[in-house]
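For reference, the structure discussed in these notes is given below.
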């Protein structure tokens, strides 16, 4: 695997999406119509082959690439580009029939039947061989095609397999991790507890509802292994691709978990980011739902954008989204007029260089026949959805100059997949109230509302480039992370940390003394106990003359140098410190001991921003519900002003801007219509 | 199988029920007492043998019919009749032990152990042979007995089996359906989606949580196959019966799903209706529950009655019901005084020629020992329930002349099992809000409240005989149904259809163009999009000067000839047509685009009824909560007036009627007591 | 097995708990620190070896007792005592690997993998042999150690196994129970129902979701068998212990079910009580939860204490509790200051001679690392929890004279495990509203609030020693229990019984005539029907001029000699008897027909107590929320006054008492602080 830096060097924004002509090979009129409609929709880029294995290799060793040749040529003919997917996301039935080891065994040790998708054993020698072979054929045939823009490796990797081969692979992985020493493994997993000491590697089994499901070290290592095994599978897929098309960049599409739009928790995507050239993801927010405001959901989208964008610190791709609705939400409500353009503009504002759809055309049958598409069952360009897509396409052409523009942030928020897993597994606190991601949102929201750019970083990222670093609930914190935090503060950074941080090391073993040693120095305090509250319990914190409601968690603190700047108001620790500040080296460290209402975070971060003179990239006054984001190119700043509300919102411009989409110039007061998005430039 | 027309030629209404003397063979005093109590209860007909296999053939090939001989003779001796059940509903343990292939394999491919009931593999050669053999013995022994009135084939057929034999049978069934062509099957199931193309029949497996569970065509065909296989099993049971007792009619007892009293959805009963002579069903409404009015529940009972009665357009039998309570509802509340007679009268009013109980006597042990019975554990005729049963029996004797009386309807409502399955499976819209049956209720309720008789028909019934045909949510509509609808309207019929109709064909493939072509002509419109709303979302429709609340669904319509008679009031389609009327041929067609509150249906159908001059069979003024139903014999009309409420209700008679139960005549005003039922005649 | 009477002859109360040095063998500083902290915490007794098998026998036949020798010696050195556990609660991995028949097969017939704990096949020859062998080693090595106080057999026995060996054992058990006659078994299980007659013992299988799950007799017998098989396993463990240490008493720790703190329902603990010398249990109430008052939860704790104490009519041990919080409740809230001492005093007040913790020290890793402990991760004696433990220890030293003190009661409440199982299984009534234990609470609460001691007895206990016997919902009542009740009343006792009692015999067969014959005589009535209500339904009862709300159940009664003292107010049985009184022999019998609100039980029992002159052991006036309990020694009475509320409560003493904990004397008015517990003596 080379370390060559590859990226898409498109001078335009990609517009198009998943195209499945393989479903329509018996409908030649449809295939013909597709090309015409692609032009009508102002699209330029299509992902093909994602689930086409049966159409590409209907029998083992018999290849039928002709239809795909034509797709490449047809798209190329009108100047379009192709993102070529490896078809490993779904197997042909003949493959499962002939090589049953490709089928997964689930955690209950039940061998699966053929069916569905995304359900392969990633250790299967047959699948490793067959996928690599297929990818080689594709690379050989299309690697040199001028329309080829990007490789799309498989689709939405996920899941795990517990077959005997995977058990063996897991044991090998453990041997490597623990230097071949079962004794080391037993120490790391706190083996003697319940006599869980292993004396033979063969005794180790993956977690199972039928067997061991409570040893935290085992569960954590299994999840790490699953990530590693999936990455290894992806790398295997990439071998012929890197060999035959060394200049074509590679992506794999990431996901988000629904319905609460949070990063996909099944795999540590930071590990994937190291291996691929371009980050891409599939975004399916439940716009217009009945449980949150549009702005709140937009904030959640922004959070994931900022996480995935920060991974490689470069523009990402929106690989899938719907122009209208999906078919798998509990309620599949259509995007209202304006929402598609608004939500697309947000993606671009946060760093996407594309708006790509799942799916180009609705199928007639099977699971996804009602998933929104550019082309509906009516096959017509003359409907609301198609028209909005075409209008967006026209806008994107006006924004072509934006391709590759970057974002920059002085604030970082640390999110860690392994911590998410360990915290979820932790038997303790409130089993349902830990809510790591909701806590991330609580600490991202104040910045988003103020249009302050945030990088959502991982623990291996460089901390030093930021002025302010926020670390909520980093329960599992290895010593080197604490060391990085110390250096960050010593060098002048502002660090904010919350309750339930620094408890366990990378093996999920509680740090001796119950708290990371370095943290005591940095924060000038020691947590004495973490009070866990019932859902109906409430406490409050007095902070700078105001009272803020507290629920779920309250850490009782012993100060050793820190200054209390907020204190609890009730219960046996009433009057004791709840929020503290501590000067350390050139910087300072803040500890928030309790789970406080949003108003606290609003106030708290407002002060920090003023202190650090961290400001939004542009000084436009706005009403609540409006988000303003910027991207930068050499001498140009693109400003996205987006009304995430159902009512008109006023903005007051600080200077004269060029209106990129409508043309002309804009200054002074402007009234945004509901869902209106403006793109300005200066 | 002959096509001979058979029916019960009883000159009385059947009163009695499931009798299980096989549970009491060691209690001879009980058996003796039974006969006396049968007379005291004014009963005349008993179903025997339903679960008696162990008592009839305790060892393979050893038959012990003597006890059953005596039951036949004892019942005959007092002039009673016997409904003889084939005992295939539950196997003896020896049969499972010796022939384990009779045991089902569930969808997760787990072979079941012996136990329970209604859980046989319908493909099992051993079970096919053993049941046919047992039925032959029964027919030989009792076929000529003068007390034998009716065959009761098995009991409450249900469920499916996924064993290897069933897989093979399914594949054979598919070969027949698809003319032996996998290519045709792949087309019908939209095979290329997710590479689900089959290249070998052996690759096809029944749906499974461990394998394929999302291919709609496969799921739909599996359900069809299960119906066919169960029908085939039933036909196999009937072979010796048809051969040896060609004049004795045959039934099998249908079910309803609870708690929301809807038709049993597991099997397409229309397919069974073709094979049996008499329809019968088991009715267990949750009377006096705490979530709906008594009248609302009575309406639901009426709906099923009208569905099952319409199947063969002749009286049906109430095969099972309880005189008091059941034991398997979440709350097993007893029928209040009066309710048993009221609910029984409703059954007869809607076309039943029987009131039969599960069960005659409560058992001492096992699962159903607390299920209500005519004879309670106290073995006494001197308790409330027994007295009400006896009183009902006396009433039924007065109604003997009613046997065979028919009902007649000018309104039809179309309910289709296959559509129910396909709609439930459909990934799209609101996954929980499709609610086909609730929508049926919404369109049945206005007629029931007005005492307008309704036939609930299937898609193969004759449409032409009705003035008004209502077709709610017929999502899956094959072309020949659309053709029948067109003919119906052209010939002068009034057709009403709702949102989410005519979307897919019989393979659950979306019709080209997204809507059934013929429908566009009939209705003079095309649905542009179906907006799906979140549970808390509301819209409204303006219709003839009034506003009606809308939830869940709103179809945006493009009119091509239709006239808008109602329009949406909110959202991006505010002001566009919601309800339309279209004259077509001699008739007219109405489209209801949104899911509207009951008040709309009340108003809408009221107007249609006036327009079509469809009136209730008798002109009796009544208060809400009173249901009036009629049955007809040559020159006699029987009128049932039933108060489904907990308060007194006034009625005003339009003429002088004979009071069948109390004797004498009735005219003018009459005050019905709570739960009172009167039967009048003229 | 000898019948020798053994007990702990400690002249002090035990304070200490589960100590797991086996988890810390690589941390010698920790082990050293432990001994110092034990002294600092005022502890004296430690349970060791509970999960130490891997540390005691790391390879088959290789024993490493040295570390345990040191633990014994170190504890002995400071005058402490050891409770030695047999380590059978968790197996080493090598044992599962070499003897896979130790692994359970679950009810779905899935063989379990190694992992977790408390999951052994109790029929496994290998496990029977290995556990007995290990116990022999332990008895040989430590049986004579002067620190050894008590054997702790295994840990929290629970669960069942459905492997082939267990099936065989079950069949053998059945043969013994039914005198080798399948016919007798078929009669007892009401075999002919659904043709469930067995003709070969091999046909009988344990209940399974894959097979038979509805035959009540089978289910009941399976649960009895599981208790017997577990007892047999325990007895097997005890063989070397009884042989080698005939004077050392034996316990096994019982559990409670959460979250609603009720007795553990999985095993009939009365059967265990017969075999062990000392009762002990593990108490984990959810103090400070958000759904009930502190007093209500204290009442539930008192109920279990009184049940487990009554079993052997001698002091019991609190074997496990937490000084702070657990880690497995949905919300793991810490005990507030004062609660640990208060809740400990309650245990001692109700008869415990110990306060023992799970756990001495929090582990660094695995499932229970966040379970509260005396020594927290901070390893410090200088925190709130440790200080409260040490303070409690100091108090317990002052209470040393209490060891062995007894309690005495004139009121008994009958709780029967088998009835609980049968009632839960019963298909009938309200499936969710039977709530046997809640009904027990409803009839225990009035006594607890009045500080009237209650023995919670089983059906084999002596009834005659009580003045008042309360029997709620004894659905399953064998004839000899009815006979005992009759004798009790005839001899002058007062008997109270409720709805749904005396319905079925010990096979769960309904008594002929539907009610236990003897009961009709005792109560002078016969229940005609049990009306079961929907959750929203309400009725009421008029009783001595007041109205009491009724829900769920109302029994319609026919009186044959009884006097109605309360009557229903609504529904078709309005005005009929709801509560009755019947003089019988020298005593009287009361029947409560409906489920009435607490206020009724308050009033009803208040009158009975006055009538029978049953009074609290001490006459101290108090406010609601205060509990006063007493224990007795020869000439000393210990009085515990406990404020189970969050506010100050006044008490007014009737005489001068010695204040055991604070020293000095107390008389007149005293204001208890929130959670304050006082121990007085006179």
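From the backbone N, Cα and C atoms, a Cβ is placed for every residue, glycine too.
On a predicted model such as this, the values are computed, not experimentally measured, just so you know.
Listed in TrEMBL:
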type: DOMAIN; residues: C:18-399; note: domain 'Glycoside hydrolase family 42 N-terminal'
type: BINDING; residues: C:117, C:155, C:328; note: substrate binding site
type: BINDING; residues: C:121, C:161, C:163, C:166; note: Zn(2+) binding site
type: ACT_SITE; residues: C:156; note: active site, proton donor
type: ACT_SITE; residues: C:320; note: active site, nucleophile
type: DOMAIN; residues: C:409-613; note: domain 'Beta-galactosidase trimerisation'
type: DOMAIN; residues: C:625-681; note: domain 'Beta-galactosidase C-terminal'
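For the binding-site residues C:121, C:163, the largest tally of other C-beta atoms within 10 A is found at C:121. Model confidence over the domain 'Beta-galactosidase C-terminal' (C:625-681) is summarised by a mean pLDDT of 97.
In this structure the alpha carbons, written CA, of the residue listed as 'active site, nucleophile' and residue C:163 (Zn(2+) binding site) are 32 Å apart.
For residue C:328 (substrate binding site), the same-chain residues lying six or more positions away in sequence with a CB closer than 8 A to its CB are C:371.
Residues C:117, C:155, C:328 are listed as the substrate binders, and the farthest two of them sit 17 Å apart at their Cα atoms.
Among the recorded positions C:155, C:156, C:161, C:163, C:166, none has a Cβ sitting under 8 Å from a Cβ of chain A. Cβ environment of residue C:166 (Zn(2+) binding site): C:105, C:121, C:122, C:123, C:160, C:206, C:229 lie under 8 Å away, each six or more residues apart in the same chain. Looking only at the recorded positions C:156, C:161, C:163, the one with its C-alpha closest to residue C:117 (substrate binding site) is C:156. Comparing the active-site residues C:156, C:320 on other C-beta atoms within 10 angstroms of each C-beta gives the minimum for C:156. The Cβ neighbour count for residue C:155 (substrate binding site), using a 10 Å radius and every protein chain shown, is 27. In three-state terms derived from DSSP, residue C:166 (Zn(2+) binding site) belongs to a helical segment. Counting only the Cα atoms, the space from the residue listed as 'active site, proton donor' to residue C:163 (Zn(2+) binding site) is about 21 angstrom. Taking only the Cα positions, the spacing between residue C:155 (substrate binding site) and residue C:163 (Zn(2+) binding site) is 22 angstrom.
Counting other C-beta atoms within 10 Å of each candidate's C-beta, the binding-site residues C:117, C:161 are led by C:161. Within 8 Å of the centroid defined by the CB atoms of C:121, C:161, C:163, C:166, the record's Zn(2+) site, lie the Cβ atoms of C:101, C:104, C:105, C:122, C:123, C:124, C:160, C:162, C:164, C:165, excluding the listed residues themselves. Within the domain 'Beta-galactosidase C-terminal' (C:625-681), the DSSP-based counts of helix, strand and coil residues read 0 helix, 34 strand, 23 coil. Annotation note: the residue listed as 'active site, nucleophile' sits in a strand segment as assigned by DSSP.
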